[in-house]
Amino acid sequence: MKILVDENMPYAETLFSQLGEVILKPGRSLTADDLVDIDALMIRSVTKVNAALISKANKLKFVGTATAGMDHVDQALLKEKGIYFTAAPGCNKVGVAEYVFSVMMVLAQQQGFSVFEQTVGIIGAGQVGSYLQQCLQGIGIKVLINDPFKQEEGDEREFTSLDRLLQEADVITLHTPITRDGKYPTHHLINEEILNSLRADQILINAARGPVVDNQALKRRLQQADGFMAALDVFEFEPEVDMELLPLLAFATPHVAGYGLEGKARGTTMIFNSYCEFIGNELRAHASDLLPTAPVPKVVLDRKWDEATLHTLTQLVYDVRRDDAQFRREIGAPGAFDLMRKEYWDRREYSAVTLVGSAQCRLKPLAKLGFQVEVSQ
């Protein structure tokens, strides 16, 4: 059995080698020839699975993507060819939410505002958007959500129209897939008209898919230099990056918002377990068994936490400035975008840290944000 695996998928070689011969290749540059005699293909979002890629896949029976998003895979084609497909929904939701929160926290420090006085507008209430909503509301931040699909499906949450959200939110964060057809297409959802309507004190964050925002229109909006800010983890034509847009961004990173070690481990184990089930193998893997201890596994608090404490705790785990600085420093080199993703550091999630404190420390909201908490006597 031959299993072709994206070389950037952590823990994959160790896990899948239990099932057959593992062949590692860079996901973005896979060709049809690479799939000759391949039984299973394990990818990430940089691999476009289409008719051209599988044209020589004479043995392919299984495709798994270790990502929540699935828009890079022609699922109808795979179904037509009798090829089983699976994804890892929700695997990266924690990492993306913590990326967004880091952007908010750092900008709050830099610009002198309180995150607790901001209204956050979440566009897209799927796995990531819903988790982010839960975290922010858990610590007392006002949230507006927009998702016409969820609303029409009968989701009981209180939804907000896109127009109202764009008017009332101080922070607008995008968590939609990329679609070009249908009732609510998201390609260039944030277009020139919308960008020009945004206030100077608003912040736009895109950690979803690059083409959800018209990058040329965003560049023109930021060139007005009126105080409006944007942070991009995804770019419209990545791995190509508009070098005129880059210096205008508050933060820029190479599509790594969901690249926390826990999220990547979850994605890999989810498709590994699906493949084991597909081939009738009883092996199963658990992400928690693969993870090392965090560099700072425990923090003791001696008083009730406040916003300054929150800055310290969250930045102890993840500070977006680290990735932003590397991105600006290295993006000019050939192949830098994918190399930074391939060599991404072992970023952890808040859950890797246990906060210890008495009942007076009121740790429960921090547990809702994702930290482990332990109430001392």
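Including glycine, each Cβ sits where the backbone N, Cα and C put it.
Keep in mind it's a predicted model, so treat the numbers as computed, not measured.
Among ASP147, ASP155, ASP201, ASP214, only ASP147 appears in Swiss-Prot as part of the NAD(+) site alongside GLN127, VAL128, THR176, ASP233, GLY258. Cβ-based crowding with a 10 Å cutoff singles out THR67 as the top-ranked of the binding-site residues SER45, THR67, GLN127, THR176. Take the active-site residues ARG209, HIS255: by the count of other Cβ atoms within 10 Å of each Cβ, the lowest one is HIS255. In the structure as shown, the Cβ atom of ASP233 (NAD(+) binding site) sits within 10 Å of 27 other Cβ atoms. Other residues of the same chain near the substrate site, with their Cβ within 8 Å of the Cβ centroid of SER45, THR67, TYR259, are ARG44, VAL46, ALA66, ALA68, GLY69, ASN92, HIS255, GLY258, GLY267. Across the structure, THR176 (NAD(+) binding site) and ARG209 (active site) are spaced 7 Å apart at their Cα atoms. Among the recorded positions VAL128, ASP147, GLU238, GLY258, TYR259, the residue whose Cβ has the fewest other Cβ atoms within 10 Å is GLU238. Distances between the Cα of GLY258 (NAD(+) binding site) and those of the recorded positions SER45, THR67, GLU238 are shortest for THR67.
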